[in-house]
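According to TrEMBL, the protein carries these features:
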COILED    142-181  coiled coil
COMPBIAS  245-281  compositional bias 'Basic and acidic residues'
COMPBIAS  282-298  compositional bias 'Basic residues'
COMPBIAS  306-316  compositional bias 'Basic and acidic residues'
DOMAIN    52-176  domain 'DNA/RNA-binding protein Kin17 WH-like'
REGION    245-319  region 'Disordered'
Amino acid sequence: MGKHERGTPKDIANRIKSKGLQKLRWFCQMCQKQCRDQNGFKCHLTSESHQRQLLLVAENTGSFLRQFSKEFEGNFMQILKTCFGTKRVRANEVYQEYIKDKGHVHMNSTIWHTLTGFVLYLGKSGKCKIDQNEKGWYIQYIDQEEVLRKAEEAKRMKAEKDDEERQQEMINAQVRRALEQQGGEVVEPRATELIRTDDNEKISLNLNLEKKPTLEVILFPCFVYLLDLKRPVLSGVSVFDQLKTKKEEPVSDEERSSSRRRDRSHDREHRRDRKDRDVKKERRSRSRSRSRDRHRGRRAESPPLDEIREQQERFKEKKNRKDHWLHEGIVVKITTKKLGDNYYKAKGVVKSLIDEYTATVKLDDGVIVKLDQSHVETVIPSVGREMKIVNGAYRGCIAKLESLNQDDFCLNLTISEGPLRGRNVQVPYEDASKLA
């Protein structure tokens with residue numbers, strides 16, 4: 001029987017029926033075809049297209065089940081995320097919203113036979129928070145992006161805190177070394193408990209701090225000197241003229257005796273100061289000798305410049321260390337047998353990068369293959385050849401192979417290009433590869 005003409009009452013009725021949801025028992029998931037009645041569904045089951053689709057599904061049933069299950073889960077989670085967000089909602093409400101779509105994937109074609117089984121799967125996989133009460137199962141969407149943001153923020157705060165603690169430790173170490181060189185004992189600050197023998201005893205504080213010297217105290221020697229001149233300081237008169245005039249005047253006996261006493265007192269103070277300086281100098285030399293004896297036999301600590309360089313090395317290592325290492329122009333070796341025994345252990349040059357983990361490699365015989373970085377490894381050339389550092393602190397630098405450290409599985413390289421040219425570095429075998 002052919003189709004009814006467009007615009008006839010029968011055609012309009014059929015169109016109205018096809019718009020809404022149809023009965024699930026008349027839906028063929030393998031062919032993704034919805035029939036309107038029992039007769040149409042029976043005709044579909046006996047059709048040639050349905051029989052051909054049955055043969056295809058029978059050959060690889062697991063693949064079709066996984067595909068339908070993935071589509072069902074993705075559409076269900078999309079509706080939960082967009083319509084309900086992170087609110088706690090009944091699972092049946094989300095399912096009713098999901099089946100409003102006429103072309104949805106039916107649950108009986110997935111690996112989950114019931115909605116309860118699907119909800120338990122979401123809770124077990126950590127995609128939703130689930131709980132059950134007398135009204136049924138409730139689910140709550142977990143925003144993975146927000147979780148990742150919080151984890152990244154916590155990681156950044158921890159890194160900043162680690163940098164501050166490392167800087168504080170470096171300052172404390174420098175202070176400790178300075179005290180040891182001066183002969184002083186390093187005393188760690190510790191909190192002690194206040195012990196009072198008498199509870200009625202008053203606690204008094206002495207706040208008489210040393211006062212700063214005033215201007216009068218500082219200028220007192222100048223006033224004494226001006227008084228010794230016995231002449232007012234006149235404007236326009238040179239100080240040397242005043243001294244010359246003072247020498248020409250006769251000096252009395254009292255002034256001469258007071259001058260001698262003043263000179264003797266100055267000499268005594270000078271000798272006392274010199275003696276104090278000698279004593280302090282001897283103490284410092286003695287403390288330095290004790291410090292040298294104390295540190296003899298102990299490993300010499302690295303100077304601050306080396307510490308700063310090591311800190312920069314650690315920072316560059318943390319920044320440039322990544323989980324992908326493929327670079328264009330390096331030589332790699334195939335470590336998988338999926339391409340056949342003929343290509344196992346074969347070497348090739350990386351021509352281009354498809355993404356961070358996949359590259360196009362041209363083998364020695366001219367064959368071009370697409371390989372993942374997990375299926376290849378780096379190649380170590382002979383001593384004196386150039387290599388490219390593919391991971392770590394000096395990622396991307398061109399270096400010359402000096403020697404191999406087989407005990408530590410490391411390469412001794414000398415950077416040959418860039419601002420770090422001439423620097424000797426040591427990297428593991430997997431962090432550098434031969435250049436084509």
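Cβ coordinates come from backbone N, Cα and C, glycine included.
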Query: Mind checking which residues reach the compositional bias 'Basic and acidic residues' (306-316)? Cβ under 8 Å, same chain, six or more beyond either end.
result: 166, 170, 393-394
Query: So what pLDDT does the coiled coil (142-181) average out to?
result: 81
Message: Let's see if you can do this one: DSSP helix, strand and coil counts over the compositional bias 'Basic and acidic residues' (306-316), in that order.
response: 11 helix, 0 strand, 0 coil
